[in-house]
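K.L.:
This is the structure I have questions about; it appears just below.
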Amino acid sequence: MAMASLYRRSLPSPPAIDFSSAEGKLIFNEALQKGTMEGFFRLISYFQTQSEPAYCGLASLSVVLNALSIDPGRKWKGPWRWFDESMLDCCEPLEVVKEKGISFGKVVCLAHCSGAKVEAFRTSQSTIDDFRKFVVKCTSSENCHMISTYHRGVFKQTGTGHFSPIGGYNAERDMALILDVARFKYPPHWVPLKLLWEAMDSIDQSTGKRRGFMLISRPHREPGLLYTLSCKDESWIEIAKYLKEDVPRLVSSQHVDSVEKIISVVFKSLPSNFNQFIRWVAEIRITEDSNQNLSAEEKSRLKLKQLVLKEVHETELFKHINKFLSTVGYEDSLTYAAAKACCQGAEILSGSPSKEFCCRETCVKCIKGPDDSEGTVVTGVVVRDGNEQKVDLLVPSTQTECECGPEATYPAGNDVFTALLLALPPQTWSGIKDQALMHEMKQLISMASLPTLLQEEVLHLRRQLQLLKRCQENKEEDDLAAPAY
């Protein structure tokens with residue numbers, strides 16, 4: 001039987017007051033005069049409707065991240081880097097969110113993973129007076145925004161748990177403005193703050209924990225430039241377990257007498273699909289949408305990526321890893337890696353799963369930047385359902401000296417493996433029985449020995465690794481704090 005269709009819902013008023021009503025406008029004007037609508041204009045500029053009935057958490061976070069001008073570091077569609085619900089999948093698969101919705105802890109995890117600074121509180125960890133102070137703080141600033149998760153029933157609305165940004169506050173009336181992302185259902189509306197607290201102070205049946213609110217602001221550092229961890233592939237749980245449990249056990253239980261032996265033990269037991277877990281961040285663009293030259297912005301980002309890559313190559317750990325991999329006949333193919341990246345790029349640009357694509361051919365070429373500097377571009381011909389699309393992949397490279405002269409080197413398994421080992425917590429190596437070797441290994445991965453840009457890259461990976469570890473252990477609902485480095 002076909003489901004009956006619905007066109008919006010009537011907003012129960014009271015207790016809510018429609019933002020666009022005469023009274024709603026008056027409340028807005030009063031709050032504007034008092035300075036507690038400062039965050040509203042940023043939020044309303046990026047306000048969106050959730051694209052799926054259960055995407056309220058993803059839509060709310062997307063609105064806030066874009067309002068804060070946080071760069072996602074990867075493209076959404078065409079040439080544009082932009083947060084969209086479809087990109088918020090590092091802590092919970094989109095298929096699961098689409099079917100079941102998302103919990104408070106998982107949205108907090110997503111905000112951390114997306115590079116934001118987050119302070120999150122359940123009502124059991126705060127008071128209504130503290131909540132009111134936080135609302136005033138966020139609504140009085142353009143640099144901090146709040147997302148609330150609450151039960152609709154308290155407002156006599158249909159539905160249960162919901163997420164939405166808080167867009168303003170009227171102190172005289174003690175009312176908060178909810179920018180409801182389910183705009184197909186209810187418009188933005190004012191509610192008494194005490195009632196909002198009551199709606200948050202309810203139990204989420206899926207977790208058994210109280211709901212709450214989070215304050216989101218720009219980070220002190222931007223997300224990673226060259227590397228990122230991903231849980232899009234189901235194998236990430238196996239890989240995270242290997243890194244967290246198996247590596248410390250392997251290096252403590254087996255006889256290791258050199259750094260190369262440690263690398264050998266870790267590498268030879270590494271799950272074969274580890275490259276689905278840690279990836280280099282590729283710059284993708286549709287060929288026909290771009291000219292043949294690098295833009296100033298593309299050149300700037302590529303230059304930073306190349307600097308990070310150069311710093312990885314200059315670490316002592318990379319030299320050990322490169323030496324070991326050369327003895328086992330490990331080889332990397334730029335065209336193979338690029339073909340995979342082109343398929344993933346086509347997935348992002350089209351919104352279709354990458355398994356529906358195949359890369360028929362690739363072509364490596366050099367193109368000019370604004371100041372005649374060169375960049376490497378791999379053009380891939382991606383095929384889906386018989387239709388072809390050309391995708392450009394901008395590849396960072398560094399120059400290395402060999403017997404025949406300067407040679408370009410690109411992101412490959414050796415530097416990715418180096419970044420992964422640098423991201424592991426220092427205590428990973430504490431079980432090495434040879435004290436001198438343990439000290440040497442800890443020196444190799446010490447943050448103090450790394451240049452500033454690479455330090456930030458490694459800190460980003462460590463942060464992601466800790467967040468994914470929380471998800472793997474189902475602790476994201478218990479631990480809402482930012483990861484400790």
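Placed from the backbone N, Cα and C atoms, the Cβ positions cover glycine too.
In case it's useful when we look at the structure, here is the feature table from Swiss-Prot:
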- Cys56: active site (ACT_SITE)
- His162: active site (ACT_SITE)
- Asp180: active site (ACT_SITE)
- 1-221: domain 'Peptidase C83' (DOMAIN)
K.L.:
Taking only same-chain residues 6+ apart in sequence, whose CB is under 8 Å from that of His162 (active site), what do you get?
P.N.:
Cys56, Thr149, Tyr150, His151, Arg152, Asp180, Ala182
K.L.:
Restricting to the domain 'Peptidase C83' (1-221), what is the model's mean pLDDT?
P.N.:
91
K.L.:
Under DSSP, is Cys56 (active site) part of a helix or a strand, or is it coil?
P.N.:
helix
